[in-house]
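Undergrad: Below is one structure. I have some questions about it.
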Amino acid sequence: MARYIFITGGVVSSLGKGLASAALGALLQARGYKVRLRKLDPYLNLDPGTMSPYQHGEVFVTDDGAETDLDLGHYERFTGRPATKQDNITTGRIYQDILTKERRGDYLGATIQVVPHVTNAIKEFIVSDNDGYDFVLVEIGGTVGDIEGLPFFEAIRQIKNDLPRGDVIYIHLTLLPYIPSAGELKTKPTQHSVKELRSIGIQPDILLCRTDRPIPKEERRKLGLFCNVRESAVIEARDADSIYAVPEAYHAAGLDDEVLAAFAIAAKEPPQLGRWHEINERIRNPEGAVTIAIVGKYTGMKDAYKSLIEALSHGGIANKVQVKLDWIESEVFENEDPAPFLEHVNGILVPGGFGQRGAEGKIEAARFARERNVPYFGICFGMQMAVIEAARNLAGIEQANSTEFGPTPEPLVGLMTEWVRGNELEKRSQAGDLGGTMRLGAYPATLKRGSRVSQVYGGVTEISERHRHRYEVNTAYKDRLEQHGLKFSGMSPDGVLPEIVEYEDHPWFIGVQFHPELKSRPFDPHPLFASFVQAALVQSRLV
């Protein structure tokens, strides 16, 4: 039977509960345990699919097509276990399910209340389908005291009494701020946070304390005394230069030992952390550096590109180089020459996005990369803009555009109205809802034998990648574009949907309709990112 670890947060948001959960999951895995990680999000949206990138950050897409919180990306990257739609739930989804049952009459006329109906639904989600796992780590979004989070805290309070004694522990992630004028770390915010947590019936077993400096013994003693935890359970979570240094740091601080002790499990062998040590050595001691320009639409919110940033770092690990990122808002290129911004970079990456704002700037970035022989990686929207650039400037289709931006006489990119998923035909229309209606999740693609992209993937001709898009390149223009050098080297198995384009006579120019960054891991870098960084490294030696 699985044991449950609940990770809560206090004092301030954005302390890194998702990263802490992922790091602890990796440590337990390294001890030979099988782990599952889940995220509870208290917001009323059904999922983050229609939320602004500036408010939510990245939407992480799973193989089975769920649009989820970006923390699930941390879970996958640290443990290697693919997340599913059953690993993330929101208040909105819970309420939708409850109200559907109420309309159906499932509650037999009962008054529907937060307790017990909402809390029971949360508990059912937490404990469902956990057979075969040793530990289930559950992160509760937000901070203790948030009104919207109260049903979740009540549910995890109840669940300790529902399960056998000793099967549940609580870890509270908090902040110890340093006050320069006083010259000391302050424990009072943490004491108040734990007091709030205890007032709703939850006594934390472990305090994970974010800090930028060592915690003095006296402060540990004080936290243990006033928060009612053992002094050994006050774990120092020091700021790290790399997120991949966190598992080793947490182990050195005793987190995994304390977790096992809280469950009364005798630690037999130390965790096998050799692979973590190896990648951290590569990160700390690179043999070179490359600069990649990310020409995006949401560069003011780096979390909107979280998996992309990590995938590029994985490409750097694979090539033993540091990847430096130069963030450029694509709208800049609509009024200014891109050359001064891009002449010094070793590669250009144009990521996904939605809407007309900044689209022309992305087209200019693709043109610069093509004409100057700079490695170019276009992802989703970035591929579509590269195709429009080729149509306008190589094939002479001056009015080439996307119907996403409005009516156009030359629809190089258009709305997908139907596609095949498994054995079923999916259909969409312009009048449909926005939420949950895109082409989402893992789909197969067939690669052209002998193409550059096939070589990047190791010579295979069949791949599976995750998608999140509503628009697709129009195959009616395929022959004209190929006559001018832009090759369609990857297609859906039925030959209907273009998946990959490339230039054969360019050092490295690849556009993909899918999101390869979602499947990259520090120990298994995605081949496209490893190859792109390698091409950037070659380019860096030419200038």
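Glycine is treated like the rest: Cβ placed from N, Cα and C.
Per Swiss-Prot, the feature active site, nucleophile maps to CYS380; the stated evidence is sequence analysis. Taken from Swiss-Prot, the feature active site covers HIS515, GLU517. What Swiss-Prot records for SER13, ASP146, ILE147, GLU148, LYS186, THR187, LYS188, PRO189, THR190, GLN191, LYS222 is CTP binding site, and it gives sequence analysis as the kind of evidence. What Swiss-Prot records for SER13, LYS186, THR187, LYS188, PRO189, THR190, GLN191, LYS222 is UTP binding site. Per Swiss-Prot, the feature ATP binding site maps to SER14, LEU15, GLY16, LYS17, GLY18, LEU19, ASP71, ARG238, ASP239, ALA240; the stated evidence is sequence analysis. Per Swiss-Prot, the feature L-glutamine binding site maps to TYR54, GLY353, PHE381, GLY382, MET383, GLN384, GLU404, ARG470. What Swiss-Prot lists as Mg(2+) binding site is ASP71, GLU139, and the listing cites sequence analysis. Taken from Swiss-Prot, the feature domain 'Glutamine amidotransferase type-1' covers 291-542. What Swiss-Prot lists as region 'Amidoligase domain' is 1-265.
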Undergrad: At its widest, how many Å does the recorded CTP site span between Cα atoms of SER13, ASP146, ILE147, GLU148, LYS186, THR187, LYS188, PRO189, THR190, GLN191, LYS222?
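TA: So the binding residues stretch over 31 Å, Cα to Cα.
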Undergrad: I'd like to know which of the recorded positions GLY18, PRO189, CYS380 sit within 10 A of GLY353 (L-glutamine binding site) at the Cα level.
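TA: If one measures from the Cα of GLY353 (L-glutamine binding site), the recorded positions that come within 10 Å are CYS380.
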Undergrad: Within its own chain, what residues at least 6 apart in sequence put their Cβ under 8 Å from the Cβ of LYS222 (CTP binding site), listed in sequence order?
TA: THR187
Undergrad: Around GLY382 (L-glutamine binding site), which residues of its chain at least 6 apart sit with Cβ under 8 Å of its Cβ?
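TA: Once residues fewer than 6 apart are set aside, GLY382 (L-glutamine binding site) is near LEU349, VAL350, PRO351, GLY352, GLY353, LYS362, ALA366, GLY511.
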Undergrad: Far apart in sequence but close in space: which same-chain residues, 6 or more away, have a Cβ under 8 Å from MET383 (L-glutamine binding site)?
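TA: Sequence-distant Cβ neighbours: VAL473, ILE500, VAL501, GLY511, VAL512, GLN513.
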Undergrad: Give me the CA-CA distance between GLY16 (ATP binding site) and THR190 (CTP binding site), in Å, as a whole number.
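TA: That separation, Cα to Cα, works out to 16 Å.
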Undergrad: Compare the Cα of GLN191 (UTP binding site) against each of the recorded positions SER14, ASP71, CYS380 and report the nearest.
TA: SER14
Undergrad: Please report the Cα separation of TYR54 (L-glutamine binding site) and THR190 (CTP binding site) in Å, rounded to an integer.
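TA: With distance taken Cα to Cα, THR190 (CTP binding site) is 29 Å from TYR54 (L-glutamine binding site).
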